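S.K.: Below: one structure in structure tokens.
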């Protein structure tokens, strides 16, 4: 009897310990900003089975007239997720305080494409598919259009009810040091590996000379440029972005293939051909440098990690930041307006 009691007590302790471990893990996940509740691949398979095909068709059609669209939609998803989570808050027109007007969102576009998709989805399935999910799906399709990997997106996000530019003050900035960037990503539950992989999204798209001025002309005292810029590359950059020139001029972020999704951007970073200061910083930090090298080293791709596979994992993880699910949030009828 004593043995049975002790065994029963031991089992109870084990169950209680397991429960505490599970609770602790749940609290850690919540603290890190990653939410997985009710997100699943095929969330709309019964309620709106044509939703994903509509997104793909509209995005594909729009990209024919704007080859920059893949980069635009990918950036839109990133900026949405980093403020208040992946909840479509960046889409809202809420007057002068709208989140989209925050300095950190400078140059973010693609809103009209999301609205076009939403209009077609609403016609097929009124009040079912969230704008937040449309943004995530559009980014996935954009990557595929740029010759990137195709992947499945867990859906089930709901749209946020708050959009305020004051909430975007902690967006990653092109002038951030690598330590600040790592901290900002960590606050979202993303680690150094995700920082490198999501920065590699700069393989497609362009940036404005406005964001290059300090790096080229006043990085060091005496008007000296960033010394990490490859001497061969520096004249290219200063020609494209001359001092006192048009700061709105756009230059590709990937020197070799701005409209093709590949890992060349990581090789550029290693060789000193990074355009953005934050990208160059990835090779100045021991941890992120090691990650960059793992994708472009001599052993890759035969023995090293798969850049495409890891990029997909990073995108899916980012897409789960502080999502609203269940009864939280709403399903907007128009993405730019709260219900």
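Cβ from N, Cα, C; glycine included.
Whatever TrEMBL says is automated annotation, not expert-curated.
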S.K.: Given that TrEMBL lists 203, 254 as binding Ca(2+) 2, which residue among 246, 262 does it place in the same site?
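M.R.: TrEMBL names 262 for this Ca(2+) 2 site.
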S.K.: Would you mind telling me which of 21-43, 44-66 TrEMBL tags as transmembrane segment?
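M.R.: Going through 21-43, 44-66 one by one, TrEMBL flags 21-43 as transmembrane segment.
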S.K.: Let's check the environment of residue 125 (disulfide bond): how many other CB atoms sit within 10 Å of its CB?
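M.R.: Other Cβ atoms found within 10 Å: 16.
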S.K.: Please work out the number of neighbouring Cβ atoms within 10 Å of the Cβ of residue 172 (substrate binding site), leaving out its own Cβ.
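M.R.: Residue 172 (substrate binding site) is surrounded by 19 other Cβ atoms within 10 Å.
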S.K.: Measure the Cβ-based neighbour count of residue 203 (Ca(2+) 2 binding site), defined as the other Cβ atoms within 10 Å of its Cβ.
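M.R.: Here the count is 29.
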S.K.: In sequence order, which residues at least six apart in the same chain have a CB under 8 Å from the CB of residue 241 (disulfide bond)?
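M.R.: Non-local contacts for residue 241 (disulfide bond): 209, 212, 213, 216, 247, 249, 251.
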S.K.: Between the binding-site residues 254, 262, where is the Cβ count within 10 Å the lowest?
M.R.: 262
S.K.: If I take the Cα of residue 131 (disulfide bond) as reference, which of the recorded positions 48, 86, 125, 172, 203 has the closest Cα?
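M.R.: Closest by Cα distance to residue 131 (disulfide bond) among the recorded positions 48, 86, 125, 172, 203: 86.
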